[in-house]
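Undergrad: Copied straight from TrEMBL:
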type: BINDING; residues: A:Arg208, A:233-234, A:247-251, A:264-271, A:Asn285; note: FAD binding site
type: DOMAIN; residues: A:4-187; note: domain 'Electron transfer flavoprotein alpha/beta-subunit N-terminal'
Amino acid sequence: MAEVLVYVDHVDGAVRKPTLELLTLARRIGEPVAVALGNGAAGTAAALAEHGAVKVLTHEAAEYADYLVVPKVDALQAAYEAVSPAAVLVPSSAEGKEIAARLALRIGSGIITDAVDIEAGDEGPVATQSVFAASFTTKSRVIKGTPVITVKPNSAAVEAAPAAGAVEALSVSFSEKATGTKITGRTPRESTGRPELTEAAIVVSGGRGVNGAENFSIIEALADSLGAAVGASRAAVDAGWYPHTNQVGQTGKSVSPQLYIANGISGAIQHRAGMQTSKTIVAVNKDSEAPIFDLVDYGVVGDLFDVVPQLTEEIKARKG
Amino acid sequence: MSLRIVVTVKYVPDATGDRHFADDLTVDRDDVDGLLSELDEYAVEQALQIAENADDAEVTVLTVGPEDAKDALRKALSMGADKAIHVEDDDLHGTDAIGTSLVLAKAIEKAGFDLVISGMASTDGTGGIVPALVAERLGVPQVTLLSEVSVEDGTVTGRRDGDAASEQLQAQLPAVVSVTDQSGEARYPSFKGIMAAKKKPVQSWDLSDLDIEAEEVGLDGAFTKVEVANERPARTAGTIVKDEGEGGKQLAEFLASQKFI
Ligand SMILES: Cc1cc2nc3c(=O)[nH]c(=O)nc-3n(C[C@H](O)[C@H](O)[C@H](O)COP(=O)(O)OP(=O)(O)OC[C@H]3O[C@@H](n4cnc5c(N)ncnc54)[C@H](O)[C@@H]3O)c2cc1C
Ligand SMILES: Nc1ncnc2c1ncn2[C@@H]1O[C@H](COP(=O)(O)O)[C@@H](O)[C@H]1O
């Protein structure tokens, strides 16, 4: 069976969930061979094997943390040349897309970004994308070279599928360009203890209607009652009420959870672009004409300062 | 020596309009209103600020697109860019990201550059990969997705806010930079700027000017193919209730019925 390269997104050896989802998709088109780079790379093997990786190619070097993107492209290209895979799958983070694009160019292949599904096809993998703020769904193929496809989080279920996961050291020689962009400082994002926005099963968001940074505690309380991640509209972020890392939408994160609860958010096209593929959508807004209500499975026309705390209390009561 | 800045700007269908596909499954650019991608306004803004802080600089805006894409160039010129280049050719219809990056790289080389500034993503394609591709093709450092950028003594520095961390980046010019919508509000063209823009030079290049063969770009040269494009079915109308004191409880009931609680 053909091999499929899967680029591993991990933090010091802890594999992030979107990579495990990629393994599920990779198994539809071949045998997953994972590529893990940087500090802790070898530590990813157990989790990857558990989810279907037949092989895990690893390489650790300081370059991955010290220089932007290019060292990772060099390594992925080395893996590509070693394996001659039928496809290359990369998680659709900002960095993942850049790595994938440069690899595609180098190996003379086409690239599809932000796929939400992949199926095997007679002429190679077929990728589903959601475009124009999710108002259209397209199916595309790479028609030249080896398909390079980046896949959004929450595009497939994580499935246990134990495989060998044999660790092999990848040999990488860095290109002259690898050290072009130096990373001179890094401030890790502080953990809030809440689920990762793009990976969460439930997202609770607040917009301009929340009316102040201090009031976001109402949104956070609801999120915590559900074990959810917290999101924000750009209006709330621009006002300085919530960090940009939590922004949902075209220029923020794109989320596709089981449940999305929009509070005090009007539902502008750029916001919809980041949440319209959520399975169930709920909104609380005091304006019955707000466009967000066109999307909802359930909507409450009312003041969020009344509705949200009552909802939180009720959830706590029901959960006992 | 003058700092030569090239800003790549894209003419895109208005996101608030009715965007759709043409019969050949390319983005319909004829039947919809277009404009300078809002995300490229941030690139123009940073270019102008960098130019203002340099002793001597020249800002060229570059677009690859149909006739109407001139509107995007005019807008950028009226914001304050010095001159414009329009790459226009019938054979470009249907060009994908790989092809676009080829045309941009060739045009940037022909124009001459020390610094390329792009937007974080185009508002129609939303790939966010063209700047990385252009950097790869030009063989210069990629300093992308910056929410803060500055250029001093031939060095570009900036802050990239990533998923797991916020990184401080640094590279020598020449380089390709892209900036996010967090980099600072873009200025509005002044009346004076709009008038001045009418007199600024706009060069037109076609594929032969760039030594690119028609087969390398367009639908024929594309590396990817859209096989199906379907409008997403409208979401089935949901239940909407007015809060009369029990809204939160009703919502909880709904969530329980869907097994979320
Ligand atoms: C290039 C570009 C990129 C963009 N990217 C993004 C993006 O990534 N994400 C994003 O979100 N936006 C983005 N925007 C901005 C977008 O167009 C909207 O301006 C923004 O989403 C509005 O945020 P909002 O819904 O919170 O605010 P508003 O549109 O002002 O809506 C606030 C809502 O709150 C309701 N409300 C007020 N008070 C209460 C109350 N007490 N109780 C209940 N409801 C109340 C109001 O009825 C209203 O509907 C982008 C715009 C551009 C041009
Ligand atoms: N046709 C084009 N003409 C000029 N610049 C472009 C074009 N397409 C993309 N770009 C630039 O590349 C950036 C990212 O685009 P994309 O990869 O398409 O999301 C945009 O913000 C522009 O700066």
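Using N, Cα and C of the backbone, Cβ positions are placed for all residues, glycine too.
Caution: TrEMBL annotation is automatic and unverified by curators.
Note that the structure is predicted; figures quoted are calculated from it, not measured.
What's the neighbourhood like for these features in this structure?
TA: In the structure as shown, the Cβ atom of A:Ile265 (FAD binding site) sits within 10 Å of 32 other Cβ atoms.
In the predicted structure, the domain 'Electron transfer flavoprotein alpha/beta-subunit N-terminal' (A:4-187) carries a mean pLDDT of 96.
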Undergrad: List every residue in the same chain as A:Ala268 (FAD binding site), at least 6 positions away in sequence, whose Cβ is under 8 Å from its Cβ.
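TA: Result: A:Ser233, A:Pro291.
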Undergrad: Under 8 Å, Cβ to Cβ, against chain B: pull out the ones among the binding-site residues A:Arg208, A:Gln247, A:Gln250, A:Ile265, A:His271 that qualify, in sequence order.
TA: A:Gln250
Undergrad: For A:His271 (FAD binding site), what is the tally of other C-beta atoms lying within 10 angstroms of its C-beta?
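TA: Excluding its own Cβ, A:His271 (FAD binding site) sees 27 Cβ atoms within 10 Å.
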Undergrad: Please work out the number of neighbouring Cβ atoms within 10 Å of the Cβ of A:Arg208 (FAD binding site), leaving out its own Cβ.
TA: 16
Undergrad: I want to check the contact list for A:Gln250 (FAD binding site): same chain, sequence separation of six or more, C-beta distance under 8 angstroms. What comes out?
TA: A:Ala133, A:Gln270, A:His271, A:Ala273, A:Gly274
Undergrad: Using DSSP, would you call A:His271 (FAD binding site) helix, strand or coil?
TA: helix
Undergrad: When you measure from the Cβ of A:Gln247 (FAD binding site), how many other Cβ atoms are you left with inside 10 Å?
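TA: Other Cβ atoms found within 10 Å: 25.
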